[in-house]
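One structure is given below, encoded as C-alpha cells.
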Amino acid sequence: MTTIVSVRRNGQVVIGGDGQATLGNTVMKGNVKKVRRLYNDKVIAGFAGGTADAFTLFELFERKLEMHQGHLVKAAVELAKDWRTDRMLRKLEALLAVADENASLIITGNGDVIQPENDLIAIGSGGPYAQAAARALLENTDIGARDIVEKALGIAGDICIYTNHNLTIEELSSKA
C-alpha cells in the first residue's frame, strides 16, 4: 500500500504521498509518483492501492474533469458512479484523494465520494498514523499545510512498513 495525506490550511491545499511500491512483502520500487496535477494544474490527486489501477483511474478522472469543465465534485461523483457500475472498473483496487481550490474529496470503488471533516484526508496503509499526526498538528500548532503533510508522512513512514520517506508533494492556493 502507501500513504497519501491532504491538508487544507491558510489558503493552501497540499497533497503528499510516499513513493514505495510493494509486491507482497517485497519492495519493488521506492520512487513511484503517487501524487500528480490534473486538469491544467487546477486539481491535485493522489492514490493508494494498485499502481496500474490508479493510473487507469487518474485517466478516467481527468476525462470526467474535462467533461464537467473542471468541476471537481461533479467529476468525482460521475467517476464513482462509473467505477461502481462498470464490470471492468469494479475490479480496480485503489482509493483517490483529490482536491482543488474549493474542495477535498476521497473517491472509492464502492461509489463513495466523501468530503472529510476539516478537509483532512489520509488514505492507504499508513493513513491512520498520518491522520493522527496531521490532526494533532492542525489542532495544536499554527504550522502550514505543507509542513503538516511532510511531518505526517514522515511519522507514517517511520511506523508503516509499506510507506517510505521518498515524498511527492503538490500544492494549490485554496479558497476554503
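Note: Cβ is positioned from N, Cα and C throughout, glycine not excepted.
Since the structure is predicted, the reported quantities are computational estimates derived from the model, not experimental observations.
Look at Swiss-Prot and you will find Thr2 tagged as active site. Feature annotation from Swiss-Prot assigns Na(+) binding site to Gly157, Cys160, Thr163.
Neighbours of the Na(+) site: apart from Gly157, Cys160, Thr163, residues of the same chain with C-beta atoms within 8 angstroms of the site's C-beta centroid are Thr3, Asp18, Gln20, Ser125, Gly126, Tyr129, Ala130, Leu153, Ala156, Asp158, Ile159, Ile161, Tyr162, Asn164, His165. If you measure from the Cα atom of Thr163 (Na(+) binding site) to that of the residue listed as 'active site', you get 5 Å.
Counting every protein chain shown, 21 other Cβ atoms lie within 10 Å of the Cβ of Gly157 (Na(+) binding site).
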